[in-house]
There are 2 protein chains.
Amino acid sequence: MQQISGGITAPKGFLAAGVCCGLKTVGNDLAIIYSQEPCVAAAVFTSNRFQAAPVSVSKQHLASASAFHAIVANSGCANCATGEQGIRDAQAMAEITAAFLNIPEDSILVASTGKIGTFLSMDKIKAGIRDALSTLNKEGGLAAAEAILTTDSVPKQVAVKLVIQGKQVIIGGIAKGAGMIAPNMATMLAFLTTDAMLSKELLDKMFRNAVNSSFNSITIDGDTSTNDTATILANGASGVVLNESDLDVFQAGLNHICLELATMIVRDAEGATKLLKIHIKNAPNQDMARTIGLSIANSTLVKCALFGADPNWGRILCAIGNAGIDIDLGDIDVYVGQMQLVKNSCAWEFDHAEAHRILSMNEVELTVDLKQGDHEAVVLGCDITTEYVGFNAHYST
Amino acid sequence: MQQISGGITAPKGFLAAGVCCGLKTVGNDLAIIYSQEPCVAAAVFTSNRFQAAPVSVSKQHLASASAFHAIVANSGCANCATGEQGIRDAQAMAEITAAFLNIPEDSILVASTGKIGTFLSMDKIKAGIRDALSTLNKEGGLAAAEAILTTDSVPKQVAVKLVIQGKQVIIGGIAKGAGMIAPNMATMLAFLTTDAMLSKELLDKMFRNAVNSSFNSITIDGDTSTNDTATILANGASGVVLNESDLDVFQAGLNHICLELATMIVRDAEGATKLLKIHIKNAPNQDMARTIGLSIANSTLVKCALFGADPNWGRILCAIGNAGIDIDLGDIDVYVGQMQLVKNSCAWEFDHAEAHRILSMNEVELTVDLKQGDHEAVVLGCDITTEYVGFNAHYST
């Protein structure tokens, strides 16, 4: 696997564009990703029971269509809590694009991010779609990555080149992050493309695997947004149809793209100063490991301690105990970097100054050894800062 | 029901004391509550799977004994993550007290709050127990309430007088709060006393009812501590043995004490500036209502918005959708005070300046009408402030 430059337009056969149509006060706010060749698609959506209109519409299209050609996404408005009008507007985003491209409506997936409870300005959307379609190009990936940002400070894109059956297969992706979005909750959007060909079932399974250990293993503040969408299009333009023996290589590439994008999202979390990488080792199974990791990463107290570089391991044990996991908690070791803080779930002598130094770095690795199984998971989180609270408090809708 | 002055020593036959034995750097830190007459006891403990040593020991005593005489509690050290030594120390707290009073060890319940991962100084504890026993008195309730505080700013006590069978029955209580405890997590301790007489089974059932709608319906930061303990002693000194027909009156008294103490805890939450009272109406059942209320109260985004008095209702819908409750979310109304913010889960025109004014008050009432059933619950929460984050970050263990 080789990481290469570019994002969603790195794989063969994909064009993209990002344009400014006035939904945000500044910057690109409408993105289109397009493949002339029909694509197989897979997607994972928010687990929040409130779902934004574009999530509903994209789900319908994924259920009804077998070939996909484009993703249309906007920032600046989440089109959520907008009722029937919101559904009509999300459908119209697909209809307008389909009419211009002369393709079926349900071959298009839609996504939105931004303010909740406001309606899309469809005049702006229509003009933006026309503008984007007229500028679709092979270098448009970065402009598209910019067009889905809200309070993110940097665009996020990555691509890898794999060699499969002696040929070049590329996977690319863009994402927008989970800093809090003024004035509402974060949306995690990720769009991936690949020029490999594989069945819908296989793409779905492999994409879910990759999402579980990346986008589903990160947390900023524990609030799952109403608009979260991760989707992948595979157009087969590489000429490679994946065989059984190619799956490990492709899965590794997919995992790499998703984990890189997920890491970029956490690094760019609003107000955060530190990335926390939690490694849960020797768990009875991977789900338990991830649940425990997320419980630690979501603990406000752990996040405060991380902000202050305080080796306050009692908060870590407390969060493990609150994870709702039915395992023995009597024998846990906790390390920060290489330094042991807890042995067999009990206090352990360590150098507090050195622990403080390790916790002061902008990337902190925490290891929890449960000693009861051989499964593991890595979860990414961040600190909570006074800046985060201030930002999310003092914006008035 | 009449609220009267005093706390745990208001009911007949209870004495208490609070003394300073040096576990904290300042103030009382060891409390004893005592009844010469044998008591029936009930208790509810933390749901955290990490349990402090005094929790384990008190559970053992509740299982083995049928008559209880005293509660011994200290602040300044949680006696948690202290292994076998911690268990021996918690047992010793009971043994020392029992030896002085010439009563069985298992007639004594123990509790600790304070720093996790440090051992009790048993010399100080022993001297403190002797000191407290020599000063037990009818006005000692307040001193005991002071002795269990950590970062609380005020002692918390309340008592009510009921008339049952023409006689006076009193219930009293003290509690310590759920501000964050330097340097570790909060502990919620609540000790109640009553001079009514009733069976262990009935006391247990009625106490759990009261705890569910009070201490189990509050949240500061979603972290359940390792030491949480709520317990009640009933000594029958009023001469009143409760009949079936008296239960409603007694339950109302018990509920009142628990809810008053729970409200005091939230009001005194560290760094918090506002009490948030969430009323979930017309739910399919009470558990669902409470779960939804707690999901809102625990949302960092909702807490930030409350801090900033921002009528950011999208965060409320998002938290409802994240509660993991399988109900229809299409028809929800949300009010702050009397002002409607959301109608049928959609955006609704309201006066933002007026909503901001309501949210700026130090007690905010939020009503969520689910319109699918006739059950309800009230949950108490608070805002998250820059002060909270700063305090809990910059304490270095």
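Just so it is clear, glycine is given a Cβ too, placed from its N, Cα and C backbone atoms.
The substrate binding site annotation in TrEMBL covers B:Thr150, B:Lys176, B:Thr187, B:Glu270, B:Asn392, B:Thr397. Residues or ranges marked as active site, nucleophile in TrEMBL: B:Thr187.
Under 8 angstroms separates no C-beta among the binding-site residues B:Thr150, B:Lys176, B:Glu270 from a C-beta of chain A.
DSSP gives B:Lys176 (substrate binding site) a strand state. Secondary structure at B:Thr150 (substrate binding site), taken from DSSP and collapsed to helix, strand or coil, is coil. B:Asn392 (substrate binding site) carries a helical DSSP state (H, G or I). The Cβ neighbour count for B:Thr150 (substrate binding site), using a 10 Å radius over every protein chain in view, is 24. DSSP assigns B:Glu270 (substrate binding site) to coil, not to a helix or a strand. Around B:Lys176 (substrate binding site), a 10 Å sphere centred on its CB holds 31 further CB atoms from the protein chains shown.
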